[in-house]
Amino acid sequence: MNYGENTAHMSAIRKRLNKSNYTSDDFSPEKGDPNLVRGFQGRPVGGIRNNVQPLQFYPSSNFVNYTDKDVDYLLKKLQSINKEIYNFEKLRKMSYKQLIENYSDSIKKGKYLSAYRTYEGAYMTNWEKFHKGIHQTALYDPKDQSINGLLRDMTNEPIIDVEMKEGGTQLKLIITFSDEGQALFKPMRHSRDYETLPDHFYFTDYERHNAEIAAFHLDKVLGFYRVPPTAGRKVNMTYDIKRLADRKLAKTFFKSPANNVCFHGACSYYCDTSHAICGNPDMLEGSFATFLPPEKIAARKTWRNPWKRSYSKHRKAYWEAYDDLCEKVKQRAPYNKGRRLLDLIDMHIFDFFQGNMDRHHYETIKDFGNNTFHLHLDNGRGFGKSIHDEMSILAPIYQCCQIRYSTFLKLAKLYVGPEKLSSETRSSLSIDSISPILTEPHLYALDRRVIKVLKEIYTCIEDGKPIDEVIIDR
């Protein structure tokens with residue numbers, strides 16, 4: 001197929017998708033799972049260490065300075081063994097931005113989507129440039145200016161069509177913009193400082209629009225580039241949504257006793273008057289995550305996460321009771337060779353930073369085979385607990401005792417400073433139109449969690465695992 005200069009936007013085949021890139025939320029939290037363990041009696045998995053303490057607070061530099069003697073010892077030990085690849089003195093002097101750029105520049109992009117290889121067109125929108133730039137090792141190149149352009153477009157382009165996304169436990173809308181680009185809209189339900197209640201299960205929590213925005217920026221800061229560009233925006237519920245809604249959605253709009261415009265849409269769990277979404281009085285914040293190309297151009301394969309939770313109030317998953325899951329996983333495809341296990345560990349580190357316990361499945365792009373990255377989709381259940389670090393999310397690390405060398409070096413850099421994950425993420429988030437996206441406690445939690453990941457690596461090596469089998473350059 002040749003897409004010449006007179007070809008219309010490729011969005012023509014994307015109309016009325018009603019199936020976004022975010023398909024995994026069709027999973028029902030109430031369904032059973034054969035891989036469960038009832039009446040868990042075993043020891044806590046992973047040997048959790050929680051003695052990380054904030055030592056000093058610097059108001060002028062706006063971050064908490066966390067240090068840890070075990071991590072200090074780990075870095076000193078690695079440098080003494082091989083200063084060529086573990087030179088933390090040199091790393092401290094290098095800027096974090098330069099480190100990330102060095103890695104990005106060294107990565108071979110591999111294949112691109114076949115439908116876009118010859119697609120040029122007389123005029124390409126930013127979302128088309130984003131689609132064209134998807135390659136085997138990442139969703140986008142961080143130097144691609146169309147990504148920032150796409151974020152601006154999702155913030156400013158007029159909305160011309162709205163429809164409800166099918167499936168899922170919570171309301172999501174498919175938004176079409178005037179340039180024919182599309183995005184998945186998740187509305188604001190909580191204020192930034194609302195924390196998940198301690199007695200709530202992870203699968204009953206509301207999705208947070210700001211968590212989706214923060215996840216995109218965190219993924220970018222970490223140099224993964226596996227989350228579709230996501231932006232925040234305020235919409236007029238009457239003009240931008242109700243005016244364009246079909247009858248099924250429009251009839252769920254009403255005025256609250258406080259005279260605010262509300263609606264609830266239709267979905268399987270939280271779409272009724274008692275779970276309505278209300279504006280102030282008719283203005284509403286939300287996240288807009290750009291769509292990936294349609295299935296006929298970029299078909300995706302859904303994979304069950306081996307460390308998926310039970311989604312049960314009464315049962316634990318196998319890996320929560322026994323420490324031997326990793327050995328079983330490493331014996332079967334696609335985790336028995338190539339990058340896939342390390343990518344899965346990257347994904348769990350990413351989720352640990354967010355506090356996201358809801359990663360039951362993940363997806364890859366079929367065109368790129370098994371030697372490709374994991375898409376980091378559906379991040380709305382992150383950033384709910386700023387003072388609690390859910391160590392069980394790191395189970396693949398402490399059960400496999402592996403981490404990618406480049407990921408380890410990024411975290412080591414964020415530990416030795418002077419840049420911190422909190423400051424880098426804060427800076428990235430500041431460009432969003434509804435900034436601030438995260439409260440300061442959530443940002444400080446990122447620095448604390450960097451240390452906890454590094455402490456797991458310290459424990460693996462102190463337990464006698466060979467360094468080159470723990471920190472893997474692949």
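In case you wondered, yes, glycine gets a Cβ from its N, Cα and C as well.
Unlike curated entries, TrEMBL annotations are predicted automatically.
Binding site for ATP per TrEMBL: GLN170, LYS186, GLU207, ALA289, THR290, PHE291, LEU292, GLU363, plus ASP378 from the candidate set ASP219, ASP272, ASP378. Packing around LEU292 (ATP binding site) is summarised by its Cβ count: 23 other Cβ atoms lie within 10 angstroms of its Cβ, all protein chains included. GLU207 (ATP binding site) sits 10 Å from ASP358 (active site), taking the Cα positions as reference.
Each residue contributes its Cα atom, and for ASP358 (active site) and GLN170 (ATP binding site) those atoms are 14 Å apart. Comparing local CB density within 10 A for the recorded positions GLU207, ASP358, ASP378, the maximum falls on ASP378. Under 8 Å, Cβ to Cβ, and six or more positions away along its own chain, THR290 (ATP binding site) finds TRP127, PHE130, LEU150, MET154, GLY181, GLN182, ALA183, PRO228, PRO229, THR230.
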